[in-house]
Structures are given as C-alpha cells and as structure tokens.
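Below you'll find the structure, written out as structure tokens, and then a few comments.
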Amino acid sequence: MKPLKEQKIAVLLGGTSAEREVSLTSGDAVLTALRNQGYDAHPIDPKEYPVAQLKEQGFERAFNILHGRGGEDGVIQGVLEQIGLPYTGCGVMTSALTMDKMRTKMLWKGFGLPIADMEIVTRDTVDELNPLEVVERLGLPLMVKPSREGSSVGLTKVNAVEELKNAVDLALTHDDTVLIEEWLSGIEMTVPVLDDQVLPAVQIIPEGEFYDYDAKYISDNTRYICPAPMSEESLQELQKLVKRAYDVVGCRGWSRIDVMTDANGNFRLVEVNTTPGMTSHSLFPKSAATVGYSFEQLVVKILELSA
C-alpha cells in the first residue's frame with residue numbers, strides 16, 4: 001500500500017446537521033494540520049459534493065470530521081464502506097448505535113455498566129406521561145434530552161413538576177424519543193480514547209448550570225481541568241469503566257466518552273462522541289496535549305488509525 005503521504009485524502013467537513021458550523025471549524029483545523037505536514041488533503045463538504053464519487057475522483061482515504069446526523073450516525077460510514085474507501089473513526093454499527101443515547105445506555109446497562117436512572121418517552125407515549133409519577137421515581141431536578149441530537153441541542157433542566165411536559169415537548173421537536181433522567185449533581189467530565197488508550201479525563205466546569213451549546217462552543221468562561229483531579233483509586237476505576245464502555249459499543253480509532261458523578265461520587269456513563277470536536281475549544285486535543293501529542297501529531301495519529 002502507498003504511504004499515507006502519497007495518498008489523496010478527503011477531509012469530510014460541514015455536512016447538513018445542526019452541528020455544521022462546528023464541523024467546518026474542526027475540519028479547517030484538521031485540514032491545516034495535515035497540509036502543514038505534507039499530506040495531500042482536500043476539504044470535501046457532503047452538502048455540496050457527492051461523497052459516493054470520491055473514489056473515482058482519485059481519493060484513497062477519508063478523514064471524517066463531520067459532527068452530528070449524517071456524519072456521526074453511520075450514514076456517511078455506509079457510503080464509504082460501499083465505495084471501499086478507508087476512513088477514520090468508528091464503523092457503521094457503532095456510529096448508528098451511539099448517535100442514539102437511549103439504545104447506547106440500554107446496551108451499557110445490559111453489560112452491567114452504570115448509567116443514570118431514566119424514563120423513556122416517545123411521540124406515541126407522550127400522552128401517557130405522568131409528571132408526578134416520574135418525579136416521585138426520579139426526584140427533582142431532572143434532565144430532559146432528545147435521544148438523538150448532539151452538542152446539547154434540545155436539553156432542559158426541569159426544576160418543578162409542572163415544567164416537565166414543556167421540556168419533553170421541546171425535546172420531541174428534535175427527536176421522536178426523549179430521555180428524562182435523574183439529575184446528576186456531581187462532576188462532569190469527558191474521557192478521550194485514542195487507539196484503545198484511555199487519555200486523561202477533562203473535568204468541565206461550566207459557568208451556568210450545565211454544559212450547553214454556548215458553554216461548549218462560544219463561552220470563554222467554561223473552565224476545564226485536565227487531568228481531572230481524583231484519587232488514584234478513582235482514576236483506575238474511571239479508566240477501566242471508560243475502556244469497557246468503549247469496547248461494549250464497538251468503538252475504533254478514536255472516540256470521547258462523557259461521564260458524570262452522582263451526589264455520592266459514583267461514576268455514570270452519559271454518552272459517546274464518535275467524531276469529537278477538533279476546534280480551539282475542543283477537549284480531545286486538550287487531553288492529548290497532556291500526554292505529549294501536539295495537535296498536528298494527534299491528527300496524523302487519527303489518520304493512521306483509519307480502516
């Protein structure tokens with residue numbers, strides 16, 4: 001096989017999801033990093049370019065930095081498999097599964113891994129929703145979120161029983177399945193995994209009550225601590241848990257797993273990002289930097305792991 005530097009590489013960026021802007025920023029950073037190191041990399045936006053024709057245009061490999069639906073949900077992965085183009089990140093099944101928070105959590109739960117207690121509501125069952133019963137079981141506050149939307153789109157913190165129905169209705173505008181979860185009041189962190197190696201956790205301290213879209217991409221007041229401070233014992237437990245969560249859903253190459261702690265300090269798995277952000281605010285590069293990866297080295301490593 002030709003060395004990677006001699007291959008024509010498509011950097012897939014942009015796309016049509018709610019996270020298009022973030023993907024364009026990530027893609028630009030990845031493209032620059034590859035070109036700076038002598039790779040023959042080209043920006044390809046599936047919104048404007050038929051990805052199914054990449055191979056006949058001489059492309060030999062794809063760096064997928066599309067975020068959200070269409071890019072992280074198995075769709076683009078299926079197209080690339082179909083035309084036989086190796087690509088970065090997770091395969092079709094894992095991408096499709098992890099885009100669906102509810103089914104990801106059901107799988108983790110089936111393997112005995114810890115998740116938040118939750119109720120599942122769909123468009124078909126929303127009329128049967130009994131807010132009082134839900135609050136009795138899960139307590140207050142509650143977190144309501146669509147099962148399939150990234151970048152914290154459609155999230156609501158519910159502080160009173162009478163707010164629950166509106167929060168569910170809002171989330172249902174983004175997806176037909178909604179999760180109502182117990183509020184996790186502990187520490188929020190995200191843990192990158194690169195080539196089966198668990199990298200240092202990043203603790204997230206948002207200015208507001210939770211890590212929403214603004215805190216993720218716009219605010220400079222969100223604080224990050226990496227490595228996240230914890231005892232050696234907790235660190236070992238976290239690394240083991242994250243590696244198991246990564247393996248259970250079948251991740252490959254690179255992914256980022258979000259974890260929170262409950263009021264008693266117990267870890268709870270939240271979700272998987274199979275195409276983590278690679279912007280100046282992004283957490284994967286922050287973490288990788290603490291173990292010696294420059295941004296450019298990280299990008300090349302991810303490319304080398306493509307399959």
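We count from 1, first residue shown onward.
A Cβ is built for glycine as well, from the same backbone N, Cα and C atoms used for every other residue.
Annotated features, as they stand in Swiss-Prot:
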type    : residues       : note
BINDING : 135-190        : ATP binding site
BINDING : Asp258, Glu271 : Mg(2+) 1 binding site
BINDING : Glu271, Asn273 : Mg(2+) 2 binding site
DOMAIN  : 105-304        : domain 'ATP-grasp'
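Reported as a whole number, the C-alpha separation between Asn273 (Mg(2+) 2 binding site) and Asp258 (Mg(2+) 1 binding site) equals 8 Å. When the alpha carbons of Val135 (ATP binding site) and Asp258 (Mg(2+) 1 binding site) are compared, the span between them is 25 angstrom. Here the CA atom of Leu142 (ATP binding site) lies 17 Å from the CA atom of Glu271 (Mg(2+) 1 binding site). Cβ neighbour count within 10 Å across all protein chains ranks Leu142 highest among the binding-site residues Val135, Leu142, Leu170, Leu184. Shown are the binding-site residues Glu163, Glu271; the one with the most C-beta atoms within 10 angstroms of its own C-beta is Glu271.
The CA atom of Leu170 (ATP binding site) is located 23 Å away from the CA atom of Asp258 (Mg(2+) 1 binding site). Around Asp258 (Mg(2+) 1 binding site), the same-chain residues six or more apart in sequence whose CB sits under 8 Å from its CB are Glu188, Met189, Thr190, Val191, Leu269, Val270, Glu271, Val272, Asn273, listed in sequence order. Neighbour count (other Cβ atoms within 10 Å of the Cβ, all protein chains): 21 for Asn273 (Mg(2+) 2 binding site).
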